[in-house]
Amino acid sequence: MARLGFQRQGTQLDLASRTWSCAALFSLLFLPVFSKALHVSQPAVVLASSRGVASFVCEYASSHKATEVRVTVLRQANSQMTEVCAMTYTVENELTFIDDSTCTGISHGNKVNLTIQGLSAMDTGLYICKVELMYPPPYYVGMGNGTQIYVIEPEPCPDSDFLLWILAAISSGLFFYSFLITAVSLSKMLKKRSPLTTGVYVKMPPTEPECEKQFQPYFIPIN
């Protein structure tokens, strides 16, 4: 009886393993079909702003009406995929669904506007949008071709003290130049006036012309 019971237990384990193998085979066969049934599109190239912020739209198309969707942003570098951020949201609530310091997102129907913050020049690479239709079944998954995000490092701002020194030097130069021009102009005006007058007033006695003669009146008496 003990041997019979062992055979029955072995038979049950064998049946369970076969069932699990069939389920795994079924998922492997139909997963590519589910992936092809969900098409994900995203822009090819995006240039990040000077503050390290990049935004792009991840849009998916599927005949399956899902109410629960999961969106994941992956970064591909050297043939390796790294998860940047991910969040599951419901389609009915078209609100901000990713609350993270790195990523934010707003869903609107089958479109998701993703924004990645805090990027630097080292973060330049291919960012792939992965969409999963979680509920109701069946499960669908799709990945976009990727968005190449270029991050240009902003030029460092010059030192404010250095700018103040430059401004002070320019102001001093202009002041000295204007002072020099004024001094030269005044000296030229004084030189022009010096031959005409000495600048000292002297009272001179009146002079009589030499040609003027004095005539004495002559009276003729009449008897």
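Each Cβ is built from the backbone N, Cα and C atoms, and glycine gets one as well.
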Listed range which Swiss-Prot flags as region 'Homodimerization', given the options 1-5, 46-50, 71-75, 81-85
46-50
Per Swiss-Prot, which of CYS58, CYS157, CYS211 is disulfide-bonded to CYS129?
CYS58
Annotated region 'Important for interaction with CD80 and CD86' segment (source Swiss-Prot; candidates 86-91, 134-139, 200-205, 218-223):
134-139
For CYS129 (disulfide bond), the one of CYS85, ASN113, ASN145 that lies nearest, given that the recorded positions are compared by Cα
ASN145
Anything within 10 Å of ASN113 (N-linked glycosylation site)? Look among the recorded positions CYS58, CYS85, ASN145, comparing CA atoms, and list what you find.
CYS58
Nearest-integer angstrom distance between the alpha carbons (Cα) of ASN145 (N-linked glycosylation site) and CYS103 (disulfide bond):
19
If I take the alpha carbons of CYS103 (disulfide bond) and CYS58 (disulfide bond), what is the distance between them in whole Å?
13
If I take the alpha carbons of CYS85 (disulfide bond) and CYS58 (disulfide bond), what is the distance between them in whole Å?
14
